[in-house]
Amino acid sequence: MDLIVHSHHTHDGFYSFQLLHRENCGSCSYIKAGVRVRGKVGSRNKVYTRARKLRSNGVFAVSDVQYSRTNAILQNLGELENGNPRNEYISSLPVQISQNFEEAESNNRLRKLVRNGDLEEGFRFLESMVYQGDTPDIIACTSLIRGFCKMGKTRRATRVMEIIEDSGAVPDVITYNVLISGYCKAGEIDNALSVLERMSVAPDVVTYNTILRSLCDCGKLKQALEVLDRQLAKDCYPDVITYTILIEATCSESGVGHAMKLLDEMRTRGCKPDVVTYNVLVNGMCKEGRLDEAIKFLNSMPCYGCQPNVITHNIILRSMCSTGRWMDAEKLLADMVQKGCSPSVVTFNILINFLCRKGLLGRAIDILEKMPQHGCTPNSLSYNPVLHGFCKEKKMERAVEYLELMISRGCYPDIVTYNTMLTALCKDGKVEAAVEILNQLSSKGCSPVLITYNTVIDGLSRVGKTGQAVKLLGEMRGKGLKPDIITYSSLIAGLSREGKVEDAIKLFHDLEEIGVKPNAMTYNSVMSGLCKTRQTDRAIDFLAYMVSRGCKPTEISYTILIEGLAYEGLAKEALELLNELCLRGAVKKSSAERVAVKM
């Protein structure tokens, strides 16, 4: 390949270039001073000044295919140095070729940068391209806009669009749609509408659907319908997606009755609803408690040329289960199979979840075991309700048995499965077993989350193993998990119960320092710890601090202090305070009587 490389800018505003060729080729060979043409050395400035007036910073490549044409032109230039009537031909053709080559190479580089994800470098290169006068490739620029939008950098994406428009290139509707979609995903609907107004090409139905969905998701149905009117005025006809978006929003905001009017309008305009449209309406009916109407609608769908799918049945099945219509749910499942509509994993999971909530574990297990017969492999969402049911009934042996069965069948537990098991173990006092499972989670490819650590920390704190609990606090911080009020409240309560009240107070202040606001339970734990160590005076000061920090004391806050006074032998003072608090309504009479009995 021959490279014509930018050498320097001459005094008269033209550029001189140097032709570099790696090998001798016929009469053309590499020389330092210029270009050898038919045995003569032509001055670079003379040759290229006659050839073209260049743009700034020019660098381009001549491909092997075009080499012979370029070389011939250079030879002709040598012959015509002394003035030739073909000067016009000479001055235009090399310029056009070099410009095309340079522009093609620039766009290739731009495409490569965007493809490799080097968006910022691609942006800077795009700016330099346009500054030089090159016309950028619209497809590469569209990809650049898409990349910035995915990163949430809508201002950068906007600037790319401005550069394209300023360059003289014409963005197509896809380019505008990508930018509008980016604005909508970022919640910048006003900017999206602004782009819609100033588009240099006609918007298509995708443009409008993107904006309509964003408006409907924000609860702006009225504005969405206004956009629909503008769409119709511009002879851009809505499609099934347009109407489905609007029908769904209408169901949520105005009810199914109004949505049905849109369905009629849709049919009148010759737009045929699909199964997704009907599913939206079925879902709306079920949410409004119109289950029987939804069932009739399901049965009438084939009359409108649309067969209900598994999602349609699942919507109704879920509604049947939530209203306790188990017999109807079983019948619907049988009808699905009879009609050739195969149940999905979701179908069975709906039933299993419902049965487990009702305590019908036996029937839930029957359905779980029959799933493979219908071509469905149970997933973690199928097993989790069963495990939860066993844990709730304190049948830990059965829960562990099903956990092992689940794994043996190639269904790996998720974090919900483990959290269920950990909660049950901790409630059952089997904290060491819970710690062992927690330690094994990472090796099982399941990362613990905040609730996982909170469960075990609370379990350890309740059985007097706050030392281990504090270590877990450090471990979770090391993994980048931020402790919350539940984490700290569990630890503070545990330390207070163990009489380690100073450690509890220190942790309490750590909690405040990281910006987590203590609740009444946290304050009560510290006050309880102080009272148990016969420091009721400090507990009373802590109550005052609690009020000063804007946390309202509860009935338990006051009874802790009363019991603390009695514990220190100040029964009379405690009784007087109890009566006073009773008169003020801070402590209920029933609670006061219970406290008085303890005294």
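From the backbone N, Cα and C atoms, a Cβ is placed for every residue, glycine too.
Not measured: the values here are computed from a predicted model.
Same-chain residues lying 6 or more positions outside the repeat 'PPR' (137-171) and placing a CB less than 8 Å from one of its CB atoms are 107, 110-111, 114-115, 117, 119, 122-123, 126-127, 130, 178-179, 181-183, 185-186, 188, 191, 195, 200-201. Taken from TrEMBL, the feature repeat 'PPR' covers 137-171 (among others).
Per-residue pLDDT, averaged across the repeat 'PPR' (172-202), gives 95. Annotation source TrEMBL lists repeat 'PPR' at 172-202 (among others).
The annotation repeat 'PPR' is assigned in TrEMBL to 204-238 (among others). Per DSSP, the secondary structure of the repeat 'PPR' (204-238) breaks down as 26 helix, 0 strand, 9 coil.
Sequence-distant contacts of the repeat 'PPR' (239-273) (same chain, six or more residues past either end, CB-CB distance under 8 Å): 205, 208-209, 212-213, 216, 219, 221, 224-225, 228, 231, 280-281, 283-285, 287-288, 290, 304-306. Marked as repeat 'PPR' by TrEMBL: 239-273 (among others).
Counting only same-chain residues 6+ beyond the ends of the repeat 'PPR' (274-308), those with a CB under 8 A from a CB of the stretch are 240, 243-244, 247-248, 251-252, 255-256, 259-260, 263, 266, 315-316, 318-320, 323, 325, 341. TrEMBL lists 274-308 (among others) with the feature repeat 'PPR'.
Counted with DSSP, the repeat 'PPR' (309-343) comes out as 27 helix, 0 strand, 8 coil. According to TrEMBL, the repeat 'PPR' annotation covers 309-343 (among others).
Positions annotated as repeat 'PPR' by TrEMBL: 344-378 (among others). Outside the repeat 'PPR' (344-378), and at least 6 residues removed from its termini, the chain residues within Cβ reach (under 8 Å) are 310, 313-314, 317-318, 321-322, 326, 329, 333, 336-337, 385-386, 388-390, 393, 409, 411.
Residues or ranges marked as repeat 'PPR' in TrEMBL: 379-413 (among others). Here the repeat 'PPR' (379-413) has Cβ contacts under 8 Å with residues 345, 348-349, 352-353, 356-357, 359, 361, 364-365, 368, 371, 420-421, 423-425, 428, 430, 444-446 of the same chain, all six or more residues outside its ends.
The annotation repeat 'PPR' is assigned in TrEMBL to 414-448 (among others). Across the repeat 'PPR' (414-448), DSSP helix (H, G, I), strand (E, B) and coil residues number 26 helix, 0 strand, 9 coil.
For 484-518 (among others), the entry in TrEMBL reads repeat 'PPR'. Among residues of the same chain six or more beyond the repeat 'PPR' (484-518), those with a C-beta under 8 A of the stretch's C-beta atoms are 450, 453-454, 457-458, 460-462, 464, 466, 469-470, 473, 476, 525-526, 528-530, 532-533, 535, 549, 551.
Sequence-distant neighbours of the repeat 'PPR' (519-553) (same chain, 6+ residues past either end, Cβ-Cβ under 8 Å): 485, 488-489, 492-493, 495-497, 499-501, 504-505, 508, 511, 560-561, 563-565, 567-568, 570, 586. Per TrEMBL, repeat 'PPR' is recorded for 519-553 (among others).
The repeat 'PPR' feature in TrEMBL is assigned to 554-588 (among others).
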